[in-house]
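Going by TrEMBL, these are the annotated features:
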| type | residues | note |
| --- | --- | --- |
| ACT_SITE | 242 | active site, nucleophile |
| ACT_SITE | 327 | active site |
| ACT_SITE | 329 | active site |
| BINDING | 46, 215, 243, 246, 284, 287 | L-glutamine binding site |
| DOMAIN | 2-132 | domain 'Carbamoyl-phosphate synthase small subunit N-terminal' |
| REGION | 1-166 | region 'CPSase' |
Ligand SMILES: NC(=O)CC[C@H](N)C(=O)O
């Protein structure tokens, strides 16, 4: 097998063995600490534009199955792993990891010193990187990346999943299938709409509530949508998850900042401020809502990350709006916070007919 190189913006070079598709790739180098769930991670649209370094040393051991995809495509630009398992063993496995990368057009490197890469990123932050068959590469500084990658992963057309229960509009910034499943399992009819859908359009759909999904990239690139997001949340019970949380906070005047290396993993503890309970959560984000930008007359902080104390959730003080930075839909990771979807459903039920009955968390 060919050799390949991961070249960092800092000039550091890591050697490995080439796997998957043959094309050179570039992206923002990040890492994920989950011990399992590589298939869900690769199909999470929030990873668009990134090169994923898996911290867990053995990848591919249970193969790839037909059930665990979080979307129809693989989203990272490339993957970096330590040991590749070439003899997967699982009764549901239909493909090996490397074949999967190849058939989906994603290149990767295995046999790489991933611990060294993670130590580097933890110190110097996430950064641009290239994987290539030669170590002599040039970073293209002329690329215009002002347009959000949300445009590339969001649906182009609205569509509806029929059900007997409450009607939820899901604003698709690149949603994970498990979010949709959480709603349909609760009996909801769901209309998935493109990321740039206006309040007027949502109103014409007459929903009981609006959910704002996860998605890639810097939320500030979507500043032209804040007015619409705010209008939707002012009129319907709303739940924002990850990018959705950031979009709602920004639309009410809060600010976001980029973490040095982000939170990506399946065991991030968050503390619920009201009860003092600690929940284990699945996380995948670079950006956080900043502490001093919260207007306490509008929002209350509901959850905080136990490790770095960053804001992990907000509730509006008057309206039925809840937002979480972590992933209650899990996949990969624990589903300990699934009750957040139930709370959203309860709040929609309470609002039906009379918004003054709205439950706020
Ligand atoms: N999973 C997400 O929705 C991520 C949100 C945003 N792209 C971030 O990195 O912070």
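We count from 1, first residue shown onward.
Keep in mind that glycine also has a Cβ here, set from the backbone N, Cα and C atoms.
Sequence features annotated in TrEMBL and their locations in the structure.
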residue	record	DSSP (3 states)
46	L-glutamine binding site	helix
215	L-glutamine binding site	coil
242	active site, nucleophile	coil
284	L-glutamine binding site	strand
327	active site	strand
Can you give me the same-chain residues 6 or more apart in sequence from residue 284 (L-glutamine binding site) with a CB-CB distance under 8 Å?
32, 41, 44, 46, 47, 214, 242, 262, 263, 264, 327
Local Cβ density at residue 243 (L-glutamine binding site) - other Cβ atoms counted within 10 Å:
30
Contacting recorded positions, sequence order - 46, 215, 243, 284, 287, 329 vs ligand 1, Cβ under 6 Å:
46, 215, 243, 284, 287
Around residue 329 (active site), which of the listed binding-site residues (215, 243, 246, 287) come within 10 Å, judging by Cα atoms?
none
For residue 329 (active site), what is the tally of other C-beta atoms lying within 10 angstroms of its C-beta?
26
Just how spread out is the L-glutamine site if you go by the largest Cα to Cα distance in Å among 46, 215, 243, 246, 284, 287?
13
Let me make sure I understand the structure: which of the recorded positions listed (215, 242, 246, 287) has the fewest other Cβ atoms within 10 A of its Cβ?
287
